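Visitor: For reference, the structure I am asking about is given below.
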Amino acid sequence: MKKDILIVVCIAFVLRLAFSFVVAERVGPGAFEDVRPMSDAGQYIALTKNILDNQTFTLYGEPHSFRTPGYPAFLAFWYWLSGSWFFSVAVVGSALGALSAGVTYIIGRELFSRTVGLLAGAFFAFEPYGAHMAARPMTESVYTILVALLAFFIVRFYRSSSKRAVLYIFLSGLVVGLAVWVRPQLWPFYVFPMTLVVFLTSRNVHQAKTALLSAVLFIGVAALVIVPWIVRNAVLFGEPSISSQGGWNLYFYHTKRFTGSERFFGLENDEIRRFLEIRLGKPGPDDIRSIVYQPIYYTEAFNIILQRPASYAFWHIKESLVFFYDDGIRDVLRHMGAESSFTFESISAAQILKSPTALLALGGVAFWIGVFLLAGYGAWQGIWKGTPVIRCATIFFLLTILYVPFVAGTLAVARFRFPLTPMIFPLFGFGLCMLWERLKWAV
């Protein structure tokens, strides 16, 4: 067993680090620092530099509220130790990816079998998008290991006695709180208590009480970890919220796209700022993504949604399906310095015949559709034929995999899917093994 996990971890680390060296060779020494200033990666680098230089979490000279400080602080720590962006981003990111592969193997092994664990860990290790994210100054490397640990602790929670179960609930809440500091997504607050209360309760009143108390402990621990950040935002901005991403994303990436409008109204930032100041009734921060403006974005977004709620719901669900087939190959190739504009939606028959890149994109889509079909089959087998432990953990994984793209909508591309692969690949491995057994039995 130890040899298995060592092999999985080493393969994942070597592949990720090798990809980082290719990026450094093709893009140049500034590949891990000199990224586009307005991009997500560029803003994480800028926030990190402000932490290092000024010990402040600021962007463009103002306190920042759009992103949470977990990843910039993590990056600043490693840069402070090493003085190297390559080490801080690529080497540390590769190590975290390797650890995530190891945890994915353990989840598959403990929940299903050694074979499932090997399949899950191997697919996580070899998946190209993982190497791409390990070599970028983005939250995914840290967020994915936290999600993997959450999945592991939940599996252990379902397998443990009452005393140890309390420990794993505590650790689950702690990991979720830390994950929110890295990326302000709150899906565990809804999905895990739902799993506990709805699917663990039975006619036995004692079990119902235990499930309810576990949910309360989980939410309580996670909330305590997050509270300092919420207090900071309340003091600085008068908004006791985690981030302004919710309102911003709902308005610009969802409702404005739904109406066919340009994402930024077709206006310059100064014009957007004037619009916001009129709605606010007074001058506000220069940063148009400040948490101060979040109520305005929510109000404008819901005004649009309520005009055509059924049409918006259908459009939103349709857009969220990208989660299940976007392979991210364009991002990987661009990161390596290659030119590629292919997406699954834009590929034509002529391009498939002429371009290996188009074939890669088509193959990536086919791969992910196959992964989700087998993961769905594995989830069905786990829920209806598995032990209570397998059933409950599978339900948690399945609810997460369905809930996240539904909330993310049009944003649910490969970046949103990748942190959930420690849950997806064990279900995929189990589905593949069950299908193989069924085929052998039929033969």
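Each Cβ is built from the backbone N, Cα and C atoms, and glycine gets one as well.
All TrEMBL annotations are machine predictions without curation.
OK, TrEMBL features for this one:
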DOMAIN    68-229  domain 'Glycosyltransferase RgtA/B/C/D-like'
TRANSMEM  77-99  transmembrane segment
TRANSMEM  111-129  transmembrane segment
TRANSMEM  141-158  transmembrane segment
TRANSMEM  165-181  transmembrane segment
TRANSMEM  187-205  transmembrane segment
TRANSMEM  212-231  transmembrane segment
TRANSMEM  358-380  transmembrane segment
TRANSMEM  392-414  transmembrane segment
TRANSMEM  420-439  transmembrane segment
Visitor: Are there three or more C-beta pairs under 8 angstroms joining the transmembrane segment (212-231) and the transmembrane segment (77-99), sequence spacing 6 or more?
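Guide: These two segments do not touch.
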Visitor: To the transmembrane segment (420-439), which of 111-129, 212-231, 358-380, 392-414 is linked by the most Cβ pairs under 8 Å?
Guide: 111-129
Visitor: Does the transmembrane segment (141-158) reach the transmembrane segment (392-414) with at least 3 CB pairs under 8 A, where each pair is 6 or more residues apart?
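Guide: Answer yes, regions in contact.
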Visitor: So if I exclude everything within five residues of the ends of the transmembrane segment (392-414), which remaining residues of that chain have a CB under 8 angstroms from its CBs? That is, six or more out.
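Guide: Distant contacts of the transmembrane segment (392-414): 111, 129, 151, 154-155, 158, 185, 187-188, 190-192, 194-195, 199-200, 249, 253-254, 257, 316-317, 319-324, 326-328, 331, 375, 378-379, 382-383, 386, 420, 423-424, 426-427.
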Visitor: Restricting attention to the domain 'Glycosyltransferase RgtA/B/C/D-like' (68-229), give the mean pLDDT.
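Guide: The average pLDDT of the model in the domain 'Glycosyltransferase RgtA/B/C/D-like' (68-229) works out to 89.
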